[in-house]
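A short write-up of the structure that comes next.
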Amino acid sequence: MGIVGVGIDLVSIPDFAEQVSQPGTVFMTIFTPGERRDASVKSSSAVCHLAARWAVKEAVIKAWSGSRFAQRPMLPENIHRDIEVVNDMWGRPRVRLTGAIAKHLTDVTIHVSLTHEGDIAAAVVILEVL
């Protein structure tokens, strides 16, 4: 069938770092234990690491929303936590879905690319039905 959705997101790393450091923030709860663990291993660049993963989560939502053009938006509660970025042994990212979004995207292959350079983290997501 082909490409059914494309999403892109840019994150200001300094702004992201400020949000994450706010007292009482629940911002970190949107990251899975695995994502937080992976970031803690990269202590000098943990914020960059998480900012790029936030960009992936947002890009997945945008791609999914775009694939539902002219249909009512569906944003399940805690959707960000249901989108997890995992890496293979060589560090290549992949998206793992759980919860309601996984049920909606069962037949979809998710392609992801993420980067961070300077003060910006970015991600591109392509949803493809084979």
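Placement of Cβ uses the backbone N, Cα and C atoms for every residue, glycine included.
As written in Swiss-Prot, here are the features:
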BINDING   Asp9, Glu58  Mg(2+) binding site
Around the Cβ of Glu58 (Mg(2+) binding site), other Cβ atoms within 10 Å, all chains included, total 19
Asp9 (Mg(2+) binding site) falls, by three-state DSSP, under strand
